[in-house]
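The repeat 'WD' annotation in TrEMBL covers 50-91, 100-134, 146-167, 235-276, 277-311. Under the heading domain 'SAM', TrEMBL lists 332-396. Sequence annotations record features per position, and here TrEMBL assigns domain 'U-box' to 401-473.
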């Protein structure tokens, strides 16, 4: 069941986009502003609205930590804002000053992707605030983009109807004609799904377009196999162009908004329609699920944003940790810590942790003494429960923070017996032996191997052993 619980009507023109962080909702509009609201009360934050763009604001998005907000506009720029006080941190001008239609942070917040009406794509280095890579789609305006969960690849959608997959060096790896009349939006679920044919992990991608359709795809991001895109199915239900689509955080639902003024929520696994919401009076331009609560936001040309409460099973603690793993725990904001506490059934401590400014780094360093003497948690049982949850979090970090160079490119698992092939890359011996028993090309470059000789990489093996020892201390 989806219940309309609040309506925001502060914009004076069409709402173009909405985005959630763990504690806030941001909306942007043709009225040149971005507005930011607290999820606890749906009240506008003191520094809102954010003003600075000269023309309509088309898109906005939060960084993974929620500390920064990006926006982009017809004025040919993307802007970065501090979500703590609303300060504008930077203005990033698009080459050629073309209207910027869409922007996205990479999962690790190292880059901001900005796509424009002239088809230009810029990957901004956020530390240097300079373009890292430049590209351009073939024909049409760039209308949509989404990063792979690991941030090494991204997908763009254009008004010519193409979906294009790029690597982080801005090399075009794959192109697919997806929607005859143009792509309007795309999204990638962060939850992998198994493909029964070959056992690889695929990610689900949704795209929508002017052809009234939502298409589901299975996409494989793998350096050693190249990128693969497989059509899965089409979701019919809208009677007019579909302008927006988004996955829920657990990947189990897809929401879409359309020119037919309707919002439809689908079950991903079956394609069945779960809810049809028709409270907007003009085109639905944007929709987004909240990351840590059963909330859905939908925005429209009727100048409103509706907030919906979904009657859903809450995610378990393990699910939350998996979702949060996209942001290193030590980089969590205070709001991320609050969301984690709620997921661990420790919501009573949110106020205490916020008062003491406990972010991810502070959380990981908490001890029994800190909890008793500084946070004043008197109950021994409660202190033990908090410490147990923190220890589980530390163990989860160990499992997800293996240095990439220690992982076999074929299996993506920690190497036990690394060997160097004649392509210059290191692999797990058994995996590489199985590989060359069927083919004589490099898993990394796809070029022919000069020789099938495998040389033990003792230096790498020692480095892995030393790293494992540090994890056990």
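Using N, Cα and C of the backbone, Cβ positions are placed for all residues, glycine too.
Helix, strand and coil content of the repeat 'WD' (277-311), in residues and according to DSSP, is 0 helix, 19 strand, 16 coil. Counting Cβ pairs under 8 Å that are 6 or more residues apart, the repeat 'WD' (146-167) and the repeat 'WD' (235-276) reach fewer than 3 and are not in contact. Counting only same-chain residues 6+ beyond the ends of the repeat 'WD' (50-91), those with a CB under 8 A from a CB of the stretch are 13, 16-24, 26-36, 97-105, 107-109, 112, 114, 116, 124, 126, 129, 326-327, 331-333, 335-336. Same-chain residues lying 6 or more positions outside the repeat 'WD' (235-276) and placing a CB less than 8 Å from one of its CB atoms are 1-2, 181, 184-191, 193, 204, 206-216, 282-292, 296, 298-300, 310, 315, 319, 323. On the 0 to 100 pLDDT scale, the model's mean across the repeat 'WD' (277-311) is 94.
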